[in-house]
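Listed in TrEMBL for this protein:
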type    : residues           : note
DOMAIN  : 6-120              : domain 'Tetrahydrofolate dehydrogenase/cyclohydrolase catalytic'
DOMAIN  : 143-291            : domain 'Tetrahydrofolate dehydrogenase/cyclohydrolase NAD(P)-binding'
BINDING : 169, 170, 171, 237 : NADP(+) binding site
Ligand SMILES: Nc1nc2c(c(=O)[nH]1)N[C@@H](CN(C=O)c1ccc(C(=O)N[C@@H](CCC(=O)O)C(=O)O)cc1)CN2
């Protein structure tokens, strides 16, 4: 069996087409949405992602503001950049590209973001709303990658209602928040969160209808971890040097042999990454729309 490909580039294109129309309406009403990014340092992956976000903004008509700080920026420098964006009326929402250099206190910077401008849904107030509003619709930004995972499944006709989802990884952008979203009444999944401290993750993963692999460990998920026919989302990113070309290439958490067992797999690249970017734009458009109410 070869699994169905859950094409994130295609689904993200659909979302961006929908958002372009909504941005046109906002502009007609005199509202110009603007996304800012804050990048500290010169991590090649982060630079690539930030550049992609600015291209996406241009494609849907969102203004974008880019704040790049050097790798030796101090805590005060980063916090000053945050304060400036909090005060900037041209900025509807912004993201602080993670990871930050080790000498920066990431939690303190995230807490300094104005929750109303938190395009990533990672501010404690927005994560708190996600946890508290388990029944009612959530009117605050949601974390982009978890939202992207769910949209990718839904747009491919894969329901999560009553399904057992095994999440692998407890990082801040995916693992720590996706369970709250998946168990929201409107989605209704049952979630097991596993991580490096979990004995025999494979035995747990084998019981899953859906596996969300977000560990950042290349080829961690092997075919014998997957129930035949299960859906597998490959979220984690590792950069491996190609011995032939010397260039770095992206490897996901899911071993290629999983495609012979699973019912559906998201490729990496080309799966959840583009969805993360599209849902970031959605968060900005929704924030701008809420400002009309
Ligand atoms: N503040 C945040 N920082 C980070 C997040 C996040 O959600 N918020 N997630 C990741 C990085 N990320 C978003 O910023 C991200 C990852 C991957 C992609 C993407 O489009 N990937 C392409 C491949 C590009 C490549 O060649 O590497 C794909 O999957 O097709 C976009 C955004 C960590 N930081």
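Glycine too: its Cβ is placed from the backbone N, Cα and C atoms.
Bear in mind that the values here come from a model prediction, so they are computed numbers and not experimental data.
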Q. Looking at the binding-site residues 169, 171, which sits with the largest number of other Cβ atoms within 10 Å of its Cβ?
A. 169
Q: Give the number of CB atoms, excluding that of residue 237 (NADP(+) binding site) itself, located within 10 Å of its CB.
A: 18
Q | Cβ neighbour count within 10 Å of residue 170 (NADP(+) binding site) | A | 17
Q. Roughly how wide, in whole Å, is the group 169, 170, 171, 237 that binds NADP(+), by largest Cα to Cα distance?
A. 14
Q | DSSP helix/strand/coil residue counts for the domain 'Tetrahydrofolate dehydrogenase/cyclohydrolase catalytic' (6-120) | A | 61 helix, 19 strand, 35 coil
